[in-house]
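Enquirer: Structure incoming, see below.
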Amino acid sequence: MVQIFKFLLKSNKSPARAHFRPSFLDTLRLAVRGGHGGNGLPKYGGVGGQGGCVYFVAKEGLTLRKMAQGLKDRRVAASSGEDSSKVSIFGKRGVDTRIEVPVGVQVYDEQQKLLADLNENDAKCIVAGGGTGGCTGNNFLGRPGENRIVNLDLKLIADVGLVGFPNAGKSTLLKAVSNAKPKIAAYPFTTIRPQIGTIEYGDLRSISLADLPGLIEGAHANFGMGHKFLKHIERTRLLLFMVDIFGFQLSPRHPHRDCLANIYSLNKELELYDPSLLEKPCVLLLNKMDKEGAHDILTKVKPIIDDLSSGLADCPEEVRPKRVLKFESIVPISAINSTRVTQVKSQLRRTLVRLAEKQFVSDGEQIKEQLQQRVGLVGPRIT
Ligand SMILES: Nc1nc2c(ncn2[C@@H]2O[C@H](COP(=O)(O)OP(=O)(O)OP(=O)(O)O)[C@@H](O)[C@H]2O)c(=O)[nH]1
């Protein structure tokens, strides 16, 4: 009888969903606790060992999901310091707990205060200090370690951020220029998580390109997946905007926006989310140029895109930005046929090289200034 029941229960089990993929994880909450300080020994003036601390180390190639899998109950503690004893007057320090986190993680406390920004491989930060050991100052009673909740917020780091409304052809471009294998389909929101691809050049240089999906009108106010993906733009050095030359309509309930309105709308979304994003260098791609009528639209809109402020008066009020973007370059392309894709690759590289040069010069100036201050008037002359 038991066997029959077992068989029936087994056969009723629903099959695993073949399309199931774990979703992208970019935030994680952890409880961290430093070790308790060991007690001192009053009779001999012995000092207890300090509690161990919990610290994070950034490691490339690690994801928050992988990290979370290793921390099932989301609690991390370090061990306590040793008590002072007759044979060991100074108690041993507690063992520290090292937790590896992905590069690009920002650590916040419960009051949303930034504790650390781990954006380099091997960058470290202590998130919970150990308690002090018992000594004369605390009546030989060891103190508890720091105990708090920390929030980890992962922001992707890529050289280039690909920004555009759904269906513009971002995944198609990513596939054409890089080694990424994104999902492509003729309906919006095919891409549900950021994808990063590497563009490789003949001289073995490479740059990373992140497709940041989910941007829609109102994303700045957290509509759609709003902030979840907008935040990733902050860490990119160059913005690559992409619009469909024929415009875009989110759904039959939403108005159809032509290509110009789309550009203004993207401009406004970034401006409202964080105006400093508008200072990043940017390149615009006008996609789907292989379709009939695309060149006529391009001839009409190109002069306005060259100087976006000239078209502001005709722009629908709800998508009108206060400050307009100035594109370094505007490239009409067909991502599906790879037309002018090589030009896009060279343009991205040129802009990034120029940026790096600028940064190098300004770093150099800063170092020179610091040196001059340190050496002062008595040292050798710095030219
Ligand atoms: N005719 C034409 N169609 C294109 C071109 N680029 C992309 N498409 C088509 O446009 C549709 C959307 O392309 P995707 O690459 O998925 O667009 P996306 O911007 O990544 O879309 P989301 O995943 O919604 O963010 C697909 O059917 C593509 O085949 C192009 O250059 N010309």
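Cβ coordinates come from backbone N, Cα and C, glycine included.
Features from Swiss-Prot:
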BINDING   164-171, 211-215, 287-290  GTP binding site
DOMAIN    22-157  domain 'Obg'
DOMAIN    158-353  domain 'OBG-type G'
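Give me the lay of the land around each of these features.
Expert: The DSSP secondary structure for Leu212 (GTP binding site) is coil. With a cut-off of 8 Å between CB atoms and residues at least 6 apart in sequence, the same chain places Gly161, Leu162, Val163, Pro194, Phe229, Leu230, His232, Ile233 near Leu212 (GTP binding site), listed in sequence order.
DSSP assignment over the domain 'Obg' (22-157) gives 12 helix, 48 strand, 76 coil.
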Enquirer: Out of Leu212, Leu215, Met289, which binding-site residues have CB atoms lying under 6 Å from ligand 1?
Expert: none
Enquirer: What are the sequence-distant neighbours of Met289 (GTP binding site), meaning same chain, six or more residues apart, C-beta distance under 8 angstroms?
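Expert: Met289 (GTP binding site) has long-range Cβ partners Ile245, His295, Leu298, Pro332, Ile333, Ser334, Thr339.
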Enquirer: List the residues of the same chain that sit at least 6 positions away from Gly164 (GTP binding site) in sequence and have their Cβ under 8 Å from its Cβ, in sequence order, or write 'none'.
Expert: Lys170, Leu215, Phe241, Met242, Val243, Leu266
Enquirer: Pop the mean pLDDT for the domain 'Obg' (22-157) in here, whole number is fine.
Expert: 91
